[in-house]
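What Swiss-Prot says about this one:
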type: BINDING; residues: His15, Asp166, Ala167, Lys168, Arg234, Phe235, Asp243, Arg249, Lys250, Ala266, Lys270; note: ATP binding site
type: BINDING; residues: Asp17; note: Mg(2+) binding site
type: BINDING; residues: Glu43; note: K(+) binding site
type: REGION; residues: 99-109; note: region 'Flexible loop'
Amino acid sequence: MSEYLFTSESVSEGHPDKVADQVSDAILDAILAQDPKARVAAETLVNTGLCVLAGEITTTAQVDYIKVARETIKRIGYNSSELGFDANGCAVGVYYDQQSPDIAQGVNEGEGIDLNQGAGDQGLMFGYACDETPTLMPFAIYYSHRLMQRQSELRKDGRLPWLRPDAKAQLTVVYDSETGKVKRIDTVVLSTQHDPAISHEELSKAVIEQIIKPVLPPELLTDETKYLINPTGRFVIGGPQGDCGLTGRKIIVDTYGGAAPHGGGAFSGKDPSKVDRSAAYACRYVAKNIVAAGLATQCQIQVSYAIGVAEPTSISIDTFGTGKISEEKLIALVCEHFDLRPKGIVQMLDLLRPIYGKSAAYGHFGREEPEFTWERTDKAASLKAAAGL
């Protein structure tokens, strides 16, 4: 019986790129709480002792950006120079401009050539769902995120007090080539920042027994499963001191772990007029409802947009041979049941709210948080009925 391997990774909230994402989304939320129609493109850079805030923001909101940045960094756990980054002591620079009026006229209703709210940029976005996990996400990315959430939980509640904020996990999974189903877990890689006093042996044992085994399905862990824990032997220097962090540099971690294509546009720090974010959320919503309806066990959708134009320039669907109806019929159903114009997406998913901070670590998809409207399967029944199944 032939097999193949597939790997995905996740990173913790203390990873420098994720620190940047969380600061950007915290600033977005602070603005949307006061001004839901704000235009925000908030970029963040974090390095040793430094946090730089830049981008384009047009808003009536009055926000203390420096305070928001410091509070976010502190909540993550960087509150001492001993950890490599200190929320209270780092320098924070603010360099925001306003959105270009040339872009604004294409996005604001009634101002551009297309009188509807146009897309904020050209681009292509993907959505994906499959039946490998309860939340209809690919196995490797779903469980990589859960490992990182477990690391954070044990760090914050004090059960493993030598843990520090920066960490990464990577899962390699064995699939059956004939059925496409997960057979077993081949390799677990987990690297975590730690207090210098802990030995590698003690750390490895605790990570395997208290982080990995409580999270991963025990029936998929075998005698052949390999565990690579802090493989360099030491991970004391981490976070923004170990590496410079930038918003938007973990786009595969944020989405499907490489199991589906990515259009290239990052999410964090962007208000919902940016289709990079809102249309990617809508695509996940569409794909998840198609799988939840039983119309396919695997579904990938691509949409594309032109700046200033409301209607998508293309919609395509691939069910990888698992569809119960043709892909042409699925596209027709999608057009009938989902409004994929930018304003329609915002209304359909109720996106003009301060809901984004939670999405900036541990994945934007496959988490049944009440704010994550794109994870609902409320269209599944109507799709199934319309398909005649």
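Using N, Cα and C of the backbone, Cβ positions are placed for all residues, glycine too.
Features as recorded by Swiss-Prot, highlighted on the structure.
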residue: His15; record: ATP binding site; contacts (Cβ under 8 Å, 6+ apart): Asp166, Ala167, Lys168, Gly239, Gly245, Lys250
residue: Asp17; record: Mg(2+) binding site; contacts (Cβ under 8 Å, 6+ apart): Val11, Gly245, Leu246, Thr247, Arg249, Lys250
residue: Glu43; record: K(+) binding site; contacts (Cβ under 8 Å, 6+ apart): Ala20, Ser24, Leu53, Ala54, Gly55, Leu246, Thr247, Gly248, Gly269
residue: Arg234; record: ATP binding site; contacts (Cβ under 8 Å, 6+ apart): His200
residue: Asp243; record: ATP binding site; contacts (Cβ under 8 Å, 6+ apart): Pro16
residue: Lys270; record: ATP binding site; contacts (Cβ under 8 Å, 6+ apart): Leu28, Val40, Ala41, Ala42, Asp276, Arg277
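When Cβ atoms from all protein chains are considered, those within 10 Å of Ala167 (ATP binding site) total 27, not counting its own. When secondary structure is read from DSSP and collapsed to three states, Asp17 (Mg(2+) binding site) falls in the helix class.
The Cβ neighbour count for Lys250 (ATP binding site), using a 10 Å radius and every protein chain shown, is 25.
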